[in-house]
Structures are given as C-alpha cells and as structure tokens.
Amino acid sequence: MSGKSAAKFSPAGRLTAEDLGAIHLIGAGGVGMSGLARLFLTRGISVSGSELREWPSLAGLRALGGTIHMSHEVANLDGVDTVVYSSAIPSDHLELVEARRRGLRVLHRSEALATAMTGRRTVAVAGTHGKTTTTSMVTMVLQQAGVDPSFVIGGEISEVGSGAHHGTGDYFVVEADESDRSFLIYRPFVSIITNIEADHLNTYGDLANLEAAFADFARLTDPDGFIITCADDVGGRRLAETLRAEGRRVYTYGISTDADLRLTEMASSTRGIRYLAEIDGRSLGEFRLPVPGRHMGLNSASAVLAEYLLDLPLEAAQSALAAFPGVRRRFERKGVADDVLVYDEYAYHPTPIALALRTLREVAGDGGLIVVFQPYRLYRTRDLQAEIAEALAIADELVLLEVFGPGELREPGEGSAALIEAVPLPVDRKVFVDSWDAAPVEVARRAKPGDVVVTMGAPPSSLMGDQLLDALSRRGAAGPAGTVPGGDVGGATTIGGTIPDIPGGSTPDASAAG
C-alpha cells in the first residue's frame, strides 16, 4: 500500500469515549492501539479491530470481549460507528477509505484517546526519549498514592502486563507522541517534557520547529496546572526559559545546581540507581530504583517532582520507584543461554542508544558487549547516520540488520549498507546481515561465555530474543563457544527486512512507530 497517512487533528473537546458508539481499530495489535482498545473495553464500550498478524496483545482483547478480524476488508466495518487509525495506516487503506465513504466518524488514535480523558486531570508525558519509562513511573507513583489513575502507555509495565487501565480516580496519565504533532490535541493539567533533541525531522524539518512544537504543547497546559522539564537537557532548559518569560508555571529537575528538584549523590550500579533529592533547600530523602542508568534516575525524578507538586505523599514515590519492575523493551532481560546474557532495548535514536549501551557495559563487566541493531526509519538513519554510528561503536561488536521502514522508499546509497561503513569499529567486529535468520547465527558465532548481547532498535527486533537464546543454547549443546549449527550468513531482503509473520500491511502502530 503506497499512500501515506495525512492526519489532520482536532483538539480535545467535550466528546467522551461513550459518545463514539461501537469502535473499530485498524491495526489493533500494536502496543498503542491495543492499549486504547483495552481502555475502551474496560469502560464497557463495544470494540472490534482488524489485524494481519496474531500479536500477543490480541488474546487479552478477545478475553475482554473484543472482536478481532484477522483480515482487512470492508465487511469489518458493519455495525461500526467510529473508526480509529494510527499514523502507521496509509490514507488509501481499504478500511479507512470505506469508513469515509460510509460517513462514519473517523478519528486518529490520539483524537480517540483524548475522548477518554474528558473530565479527568491529565498528566501528559512528552519528550524525544524516555517517554514510556517516565509515563510508567508516574503511573506507578500515582497508583501507590492510592488515586487509581487511568493510563495509556506506549509499552507494557513488566509486572502489570498491560499498557492501559481504566481507573476510578481523577487522574489520567498518557504518553504524548510528538512524532506527528498529535500531542497538540491534549489539554494537560500536568505536562512533563523529558528532553528535546533532533528527531522526526521528516515532520518538523529542523530542530527549531521541533522545539517550537514542544513549546506549543506546554502552552496547552491548564493555567492551574504546571509544566515539568529537565534542567540537565539543553532543549529542556531552553524551553523552561522561554515559558517562564511568558509567566508560566515551570519546574525543573536534574543534577544542575539551579534545578528546582535537585538530585545529589547519584550512584548507578548493576543493581540499580540511588540519589538524594531536595527542593528549595529541603531534603526529600533518598530514592532508589532496581534498574541501572543515570537516565533512569532522571526519568524517575520527574515523577517525584509531579508527586510533590500534586501534594501527594512522597513515601508513595519512594516505595513505587523502589519496586519499579521496568517496561517491556526498555532494558528488558530476555534470558541467559550458554553463559551469554541477552537483553532487549527499544532505543533507536543516538542518545538512548548510547545511554543503553553504556549501562549494558556496566552489566557486562569484563565480558564483551554485542549489539544486534535494526535501524528504525530511513529518514532517521539518513539524517542521523553519523550520530547513530558513533553511538553503536560503544559496543564491542555490531550485527546490523536492514532498516525497518514500512512505506518508505530507499534511494541509492541509503540504508544499513551505508550505516555499517560509518560505524567506527574494526571490520572484523561489525557485520551487516541482509537476512533476518542470519543474525542469530552470527551472534552465536561471535558471542563468548560472559558476554552480553542486546537486540535494539525497531519494533520487530524485539521478536529476535528467543531466536538468539535458542541459537546460543544449541551452540552450547553442540560444543565449544563459537560453533553453531546453521547456514551461511546472507540472503536478499527489502527495507522492511525478512521478518517472520509480519505482513507488509501489519506494522506496529504509530505510538511505537518512530
């Protein structure tokens, strides 16, 4: 399907989720769309969806009473009042075209989500990276405080097993997506902006336009509410200065001496991270998380600051963060095979790539670090090639897959073949594999006992963890490290890669689709 989504968004109004009638979601299996479906179903709303692949989330939707069609066809719209699509759905998708022909209400995912927020105090988390983890932390802190928030997150909280919940309380926590400007729909009571860096330049053109969009998002915050951003981030600091000059209520966090919530004595190890927090010279005590990484500490500080400003008990923040289980695909431990530890990480932008690999280096200790990376989107790989290449070189070895860019056309010289040349690693420590099945074979050939391997990048790369563990296990059963049954590296592919069981029309939705 060649058409591109041409979404034009309407601001959130007084329309409620119940006003939408029977809802149909095109591409219901991705994290963002399945979370929205779960939210509507638990509110007692009739929900159907269409998919081409049996995503793990679909069983849960069926159990809640959702109807899932394993096809895309016009008959799926019979009895439907509202059709919901994401930015990953092309404008010429047959169900989208048919919905408009029938005169059905057609809403972008963000517009549909906004209806669920009507009458609630929304806490919206935006930023170039760290959104999903931060949204999860804010959610758990509010849950621990006993306010039972509703939430929709672009990932699954590991122990909860879900990225959405319809709560009984006044608060609604949402991950706000800037990639297509749809975060400008929301009218938050609290806006959290983790950081601002160049990304989604296919939408914004340059960093200045992106920063302007984040400022516009912050200006939508309720005058009685407040804006939170990171004093340690250059973009966040600029945003705070701009908004404060306009008389808006802005609060910052970080290790910077002028941060409103100042973090001191921050220490990270393989067991997690700890820091002390103070505001206006008053100590708020010690905060600990069982996940490592300075960036995790900064993410958690925004949740602490929100809890403080909402006048909720800080003890709730301390206990919630101390038990934070992590989020699927965010520093997720997949398992161990033949004494090789395998992780999965969603990072695809240079900054989170670097942060994740540095943290994994701590985990690896004296062992090696191998990254299996699948770039996400051709435009990003092209525009940020030098920065991505430099970040990947933090690893000891690189196994590179082809770019995952559904709907994108590759120009000569673009893609992973160009990226591999730019990575400043020795030739024998980096390899571009042009077929999906070749990657586990290559990892099993390279990994030594004591090494750490991480799958990283586009959504499909999360599917490789079990294959890696299987290849490593078979290697261990077969003999010494470095030998593995299997074929040669190689094979033809396309921009999307030869990814098992993901038909071209069924890609992860926009909330997970950079």
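Glycine is no exception: its Cβ is also placed from the backbone N, Cα and C atoms.
Taken from Swiss-Prot as is:
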BINDING   Gly127, Thr128, His129, Gly130, Lys131, Thr132, Thr133  ATP binding site
COMPBIAS  495-505  compositional bias 'Low complexity'
REGION    495-514  region 'Disordered'
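Cβ neighbour density within 10 Å is lowest for Thr132 among the binding-site residues Thr132, Thr133. The Cβ neighbour count for His129 (ATP binding site), using a 10 Å radius over every protein chain in view, is 23. Within 10 Å of the C-beta of Gly127 (ATP binding site) we count 25 further C-beta atoms, all protein chains included. Long-range Cβ contacts of Gly130 (ATP binding site) within its own chain (separation 6+, distance under 8 Å): Thr194, Asn195, His295, Leu298, Asn299, Pro352. Reduced to three states, the DSSP call for Gly130 (ATP binding site) is coil. Between the binding-site residues Thr128, Lys131, the minimum number of other C-beta atoms within 10 Å of a residue's C-beta occurs at Thr128.
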